């Protein structure tokens, strides 16, 4: 039996109150431990039905001891390993690999004549019973990338002495920051030595930061299992629980894994983490797998648990298009028989990328390189020998039912448009074309000429093999609006497909999409000097193919011109997106604070009628009050789910700093509380999400919905420089916030404006009232530098002449102030990406 990753011949099953006595017995020596082990083995059956509370503890393989360089000891004839001075020998020892599994990488053959045979044999050897789809999830810096690389090296896909992150961290920004941003998939081929059975394990390495939770949710939709990693030194943290609940909602098999076992300095650390994991998740300690990617221990045991415990896919197998079969005479008996056995293709599209935004071309340079004989026209060879087309979109799919092959024409449920698949394959760890992707497999498909507007992450790709097959009509909108319950629901179409032989039409159902996420951080992106808005929009659109969680809206700023307002899942998400624009597309942008759209209704108008609302503009001729009945501000309902101990701090900030109004407070369980606030969208966008995360140390979650408009007291604030109105800096704000905004803008202008030969007065006005004022002092020439003696009146005469000259210059230079883009951006609170 394996307990906590330790092989032992029995189980130590004791009461919680008897645990100190149990520990003392084990410290007594090997004889005592053996006697206690045999005793527990005889009483195991009687204890299981006693109905009492028991604690499972792994048996000691040997008594725990301290060793140093000057003392050597032996236990049961075995010499303890020398770990150096003062190091601790833990009894939570990871077992040696049983060498039952061996990695068998299938690379493209060097002989072009063998390529067709290779593709066919690769697919035929993997029925659904031999496929496992697993996502690797964990908190930030808990060892996901290192463990994923160790698993690939165990499978002989990466060199044993390669650097960490050679596969998972493909993007340049990932390598510079040292974090995982995009979920990466790799198909691993393993052979069981005893039976020769070959397994296809699809590993998905996911990010750990809360800003990239959308990547995790999409990956879980394509999996039947999740490996939940926990750092043995750090224990259970915020994202550990978030990933656990996300996997639980998808009804996935969860494999608990302790990482970084090579860093353990005391068994108390392991026991504390095991107890914490069991108390917070309910996962039994005896099911935890102990691993160390650095020492390459526990990797085979983790693979063995994936094969043994993660259920295989359960889709419907079969061909999905007559083009996938040899030509048959229309109306022949063979063709009719084959048509009855056709299975409509149903595949979930859970990621997309282009050749410019994937990082695939340089992500696995250490992989074995084959010849580029398979590169066709219109494609360019990339590392690993794969063919990467230049024009088009790659889609990462999980095939639920049927088969997709090159040349298959698939239909997108959302748009109803049809597109032909040019190439299919697996990521191993680079793009390797195959003959087909069958039910249960995870792989890529390439669509030449596919546009971004036709791609929706979470959409269902399908085929209609015969005229009897029809698609269920879906409502217009994003296909990912419905919450997914489980990865595969093949039973939805089983009954209708079985009726196809009786003359009734078979309805192909869409796969339930995963829940979309809402942006919580907004920012305006404007092209830097020398960059056109069309170039920026094209780069953003291409990057949004690879990052669908970003929302895009058009903006028009009088100061900076046309721009884009983007919505992100956090500040780190925004910074990474800005860096990717610069690194991958060369687009330097100005990032400004978020803006919200205020509305107004005319006199005698109804504020509750959306048709009567009109957007407020600083150039509106009706401003400030001519013919206006009321000004409106957008409000949302923010829902916060937080551990109860952090509720007071979050509630205080929401009510005092973010103009929130509590609508509901409900205790979910003994540890969590749900609170709903009504607050302005502007306050939520300017930092409420960050406050919630920092106050709860990352454990709380925030969602918002129900956008409505409520009356507000708005004013127009004008900026005057040297008696000239600067229309580009005119803004609309709430009356009680006007003074704060005015001081910030005037202070920024004072710092950024260059001094001239005359004083520049800076003023902020609401109507005709000055609410803030500063002065940029003029340069003064030292006109008395050559006067070294004499009466003081000589210097005063020079100073008076200089003063009169300054006054004449000021009268001639009224209103002649030129502001460049950097000054305007600084006044609006912008930052430049360089």
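Here the Cβ of each residue, glycine as well, is placed from N, Cα and C on the backbone.
Swiss-Prot lists region 'Disordered' at one of the ranges 476-507, 508-539, 540-571, namely 476-507. Residue density at residue 261 (GTP binding site): 23 other Cβ atoms are found within 10 A of its Cβ, drawing on all protein chains shown. Cβ neighbour count for residue 144 (GTP binding site) (all protein chains, 10 Å cutoff from its Cβ): 24. Other Cβ atoms within 10 Å of the Cβ of residue 138 (GTP binding site), summed over all protein chains shown, number 27.
Set side by side, the binding-site residues 141, 206, 209 differ in how many other CB atoms lie within 10 angstroms of their CB, and the most is found at 206. In the three-state DSSP scheme, residue 144 (GTP binding site) falls into the helix class.
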